[in-house]
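This report refers to the structure that appears directly beneath it.
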């Protein structure tokens with residue numbers, strides 16, 4: 001068996017040396033093999049569960065053609081984003097991911113504010129992503145109950161939110177397991193994810209009579225453009241379908257890089273493979289769902305139209321059996337999303353980014369603690385879990401308000417992605433920015449520039465789309481709160497920073513255990529920042545961290 005799969009100490013040493021060269025003492029155990037890492041990347045994108053969760057949005061706003069074309073259009077554009085991100089994040093393979101990378105891609109004086117803004121945007125997007133996925137899983141489970149009872153069952157907001165909270169707490173408990181258990185648990189995700197999608201496609205095609213399938217014009221053409229926004233023009237209604245493919249987390253794998261063997265190779269390769277696989281297979285699944293959908297003249301009472309289509313063609317028993325695996329895929333997405341989110345919170349706390357507004361009551365790295373028993377950040381896990389409950393409570397206001405958390409996820413995450421991509425190009429020749437790319441890098445030629453500019457422009461474009469209310473007229477019940485929440489969080493974070501944050505937060509910087517005497521060498525030199533670490537007391541408690549002032 002190759003060394004990178006067998007856990008050879010040599011590769012562990014290389015990973016940890018790279019981490020130490022950035023000034024970080026390894027805090028986690030490297031238990032994620034290549035297979036577990038690829039499975040993690042596919043799971044966070046949740047192919048069949050993402051389609052099932054977001055299928056209603058394009059179909060009920062822009063029509064069948066919106067489902068078909070928005071997925072492949074968005075997937076193609078997201079491919080440029082998925083190619084730009086890992087090569088930046090994995091050049092700095094810490095659990096901070098792009099949060100850490102962003103601050104190291106700008107001159108020293110800008111590092112605190114850039115790290116602060118990107119960190120809060122990324123945390124907001126990850127919390128909203130976890131919340132929206134868990135909320136989607138709750139509605140998927142209740143949809144199965146409705147189908148099982150032949151539509152004679154009422155699903156209330158209380159039932160949806162209650163199950164949503166219960167599922168989040170259960171995932172919080174699961175994430176408290178040791179890293180080796182999380183890695184072993186994750187390995188099988190990819191097979192259920194991809195296998196379920198392929199089986200659904202095959203069974204739908206096998207159980208639908210040829211004369212009952214829709215025409216090509218309905219699936220791909222003008223016949224499938226149906227504007228149901230009650231006022232927006234058909235072009236904009238069509239573009240609302242982009243949410244289905246933009247609603248995903250591309251840099252989550254980077255956040256577990258301190259737990260991955262050969263992280264500089266395995267993590268970007270996993271993201272690259274997952275983006276391509278999810279985009280192509282997801283497009284096929286959407287096409288088949290539309291092709292076999294039958295007559296959909298009015299909004300169905302079933303919360304998930306994809307389940308209704310499956311029940312129409314496969315029968316109730318067959319549809320519910322396969323739907324169990326779709327729900328299981330969503331369950332895996334939530335599991336990996338909470339793991340990634342907690343690592344970001346841990347990294348931000350480690351750098352004193354989550355201190356309270358009063359400098360007299362800082363968290364002093366409280367959430368940057370790693371359990372000696374499980375070697376996982378338990379405090380960050382439960383903070384992420386509790387915060388993720390809050391967006392789901394919007395369902396008590398209105399279903400439209402609750403749907404804003406899906407748009408919020410796409411907006412906050414995508415904006416946090418393009419900031420480091422833009423900064424890399426703006427400051428690439430600045431003497432204080434020492435960027436040393438990993439083994440996978442697109443380079444500084446025309447292709448690299450074109451890919452970067454494309455994903456930046458595309459993200460700004462879709463962020464405008466996701467800020468708009470999907471139904472007219474705009475009322476308190478139809479208002480899209482995604483832009484309000486995103487803008488509000490950024491504004492509050494900036495106020496917080498200038499009032500208090502700048503006193504104790506100096507951007508991502510080295511952390512050393514108590515009793516360790518650090519020696520920093522080669523700062524600002526051509527090979528990047530190097531740090532050698534010597535310890536006079538190796539017996540200190542693992543979770544106790546002493547953050548140095550800004551060594552950048």
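Any Cβ shown, glycine's included, is placed from N, Cα and C.
Here the structure is a predicted model, which means the values were calculated and not measured.
Sequence annotations record features per position, and here TrEMBL assigns compositional bias 'Basic and acidic residues' to 527-543. According to TrEMBL, the feature region 'Disordered' maps to 527-552. Sequence annotations record features per position, and here TrEMBL assigns transmembrane segment to 32-52, 72-92, 113-132, 160-178, 190-208, 269-298, 319-338, 400-423, 444-468, 480-499.
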At an 8 Å Cβ cut-off, counting only pairs 6 or more apart in sequence, do the transmembrane segment (269-298) and the transmembrane segment (190-208) clear the bar of 3 or more pairs?
yes
Per Cβ pairs under 8 Å, the stretch of 72-92, 160-178, 319-338, 400-423, 480-499 packing most closely against the transmembrane segment (444-468):
400-423
Looking only at the recorded stretches 72-92, 160-178, 319-338, which one has the largest tally of CB-CB distances under 8 Å to the transmembrane segment (113-132)?
319-338
Long-range environment of the transmembrane segment (72-92) - Cβ separation under 8 angstroms, sequence gap at least 6:
22, 98, 100-101, 104-105, 242, 244-246, 248, 250-251, 253-254, 257, 263-264, 267-268, 271-272, 275-276, 278-280, 282-283, 414, 417-418, 420-421, 424, 435-438, 440-442, 451-452, 454-455, 458-459, 462
Should the transmembrane segment (190-208) and the transmembrane segment (160-178) be scored as in contact, given a threshold of at least 3 Cβ pairs under 8 Å and pairs 6 or more apart?
no
Let me spell it out: take the transmembrane segment (319-338), skip the flanking residues so only those 6+ beyond its ends count, and list any with a Cβ under 8 Å from a Cβ in it.
40, 43-50, 52-53, 126, 129-130, 133-134, 136-137, 140-141, 143-144, 147-148, 167-168, 171-172, 174-175, 185-186, 189, 192-193, 195-196, 199-200, 203, 249, 252, 307, 310-311, 313, 381, 384-385, 388
By a Cβ-Cβ criterion of under 8 Å, what residues six or more beyond either terminus of the transmembrane segment (480-499) are in contact with it?
112-113, 116-117, 120-121, 124, 357, 394, 400-401, 404-405, 407-408, 411-412, 415, 466-470, 505
